[in-house]
Amino acid sequence: MEPLCPLLLVGFSLPLARALRGNETTADSNETTTTSGPPDPGASQPLLAWLLLPLLLLLLVLLLAAYFFRFRKQRKAVVSTSDKKMPNGILEEQEQQRVMLLSRSPSGPKKYFPIPVEHLEEEIRIRSADDCKQFREEFNSLPSGHIQGTFELANKEENREKNRYPNILPNDHSRVILSQLDGIPCSDYINASYIDGYKEKNKFIAAQGPKQETVNDFWRMVWEQKSATIVMLTNLKERKEEKCHQYWPDQGCWTYGNIRVCVEDCVVLVDYTIRKFCIQPQLPDGCKAPRLVSQLHFTSWPDFGVPFTPIGMLKFLKKVKTLNPVHAGPIVVHCSAGVGRTGTFIVIDAMMAMMHAEQKVDVFEFVSRIRNQRPQMVQTDMQYTFIYQALLEYYLYGDTELDVSSLEKHLQTMHGTTTHFDKIGLEEEFRKLTNVRIMKENMRTGNLPANMKKARVIQIIPYDFNRVILSMKRGQEYTDYINASFIDGYRQKDYFIATQGPLAHTVEDFWRMIWEWKSHTIVMLTEVQEREQDKCYQYWPTEGSVTHGEITIEIKNDTLSEAISIRDFLVTLNQPQARQEEQVRVVRQFHFHGWPEIGIPAEGKGMIDLIAAVQKQQQQTGNHPITVHCSAGAGRTGTFIALSNILERVKAEGLLDVFQAVKSLRLQRPHMVQTLEQYEFCYKVVQDFIDIFSDYANFK
């Protein structure tokens, strides 16, 4: 029974109290009493009122408390299976119900219709209003999927230990059935379900993350279903809890049941890792021919919520499509429970296909459909909203990835001719980049008055979520701040530090950052002065040494090689408590002189040489962050970082995506790659790189 509204409770209680107080004489007149004298109304009526009033107030408070407790409980966000755990990794029964049972409107579920792609942006804007209220309503209108199916096999005593979570089970009608092993009852069971794609029946298998006792079954399923691709959407541990048992060897070979699994290759990228396995059954009647299985492990899903941007997921999904053979069996997709992130991935794939085929998307209908195949697919309203964000990203920007062999033709199209640049194509691409919203609400620290004084350009402030944090000086507020941002590399998160050229009063902070974050490489892309304006305080000594705070910088070497000055500094921390071997480091600065005061470099070779020299230095000193600065820490700095990432990908994959590389940087620090000229320069450098290494094998 639903609790009464508080206003109704108040409306009910006051008349009742008035009746009880006002009718006291009526009640007295109807009573037969045996008192020896006449009653004293002046004494009995106030006494009764004083007794009843506290009781009524107490009743009212209790009813209000019950209502608000129920209301708060109903409004609590749907939690994922990873959020509520007992120490042994099993969900408590009461917490399970919050996952499984979704509130329903008493008037019945609301209807949701397909959205034409041209209306997608506006529909998302409407649904996102009021803290995504309409997205939550839409999500909560989804059927859970439990009513439509039975779970007899999953609930058998022999199979209960095979389920990671006792409330996330496969339907009998859509479960994956393994071959029965002789003498082992229920050995045909695994917690996995067939899931349809947009048009393809059973395109996917949605599975839980293998447990130690189900790893053999997992590989048996991969072999029997002829699957060639595994998509993994969880880390082995998150928040110190096991989400998935490691079901592959780090190197060499291992046998799981009767399936031998050998590692053939492993490539680690910033958002995901690709592992290649050779698998082969070991049978008494001889071995069958081995098969190649690719595992694509998405590593950028945070422990809480969803990825900050869908860019990484879209790149990952494209790589899955590229690597999965045409005639292979179902793609095996798993996270921990096999419903939340797994469902999110499958829905994005299906709706992208629908977008191409019908120029519309129908997320609500598709999620409802696949929940009939595996209950609770897409587990939270945040995941549901993320699906829409990914689809909008794809619709607005499309696929801008290029093979190196098609770059020249692409540039001709963008430029109109090979001699005179018709900037229409490039200008349109760059215009889309300028539409990337600057998230001022995420710049609170940099916009504090004390920290604004440390900014060279007040429009270029680091975001709070990836700013470089210094150790706080004792008794001195705001000393943990510097205008610097961590930026992802091609293979490694936080591979770069993008910062402004130090000011006279921030030099000490600059060297503290270099020391505390163990940066051995500095890339400088500006002169100290340009056009008679200060662009960067000279933070190093021309000869001898200089001390800033507790750090002494001594110059050991200064050589000029073409357009690059290479300076080696001996950096010493002057702290008595520090161990001697930890007090001294060598830091190398690459000062690029090839950037003119106005515009961009005339050719790309100087930048290619600079990037190569920096990468060689990193290999020798370890992959600590590379500190990159110009004057404001956005234009030339962003161009250098973008080119480093783009050229690294060209060498590794023979692919490039200048647009998404720059867009990703702008989501990490405002105004990265600041001008159309700098954006065009990125394309020019890649073309020069390909011309220099025209033999494809030289950089693939």
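Just so it is clear, glycine is given a Cβ too, placed from its N, Cα and C backbone atoms.
The candidates are Tyr189, Tyr495, Tyr696; Swiss-Prot tags Tyr696 with the feature phosphotyrosine. Noted from Swiss-Prot: of Asn23, Asn557, the annotation N-linked glycosylation site belongs to Asn23.
Looking just at the topological domain 'Extracellular' (20-46), the mean pLDDT is 39.
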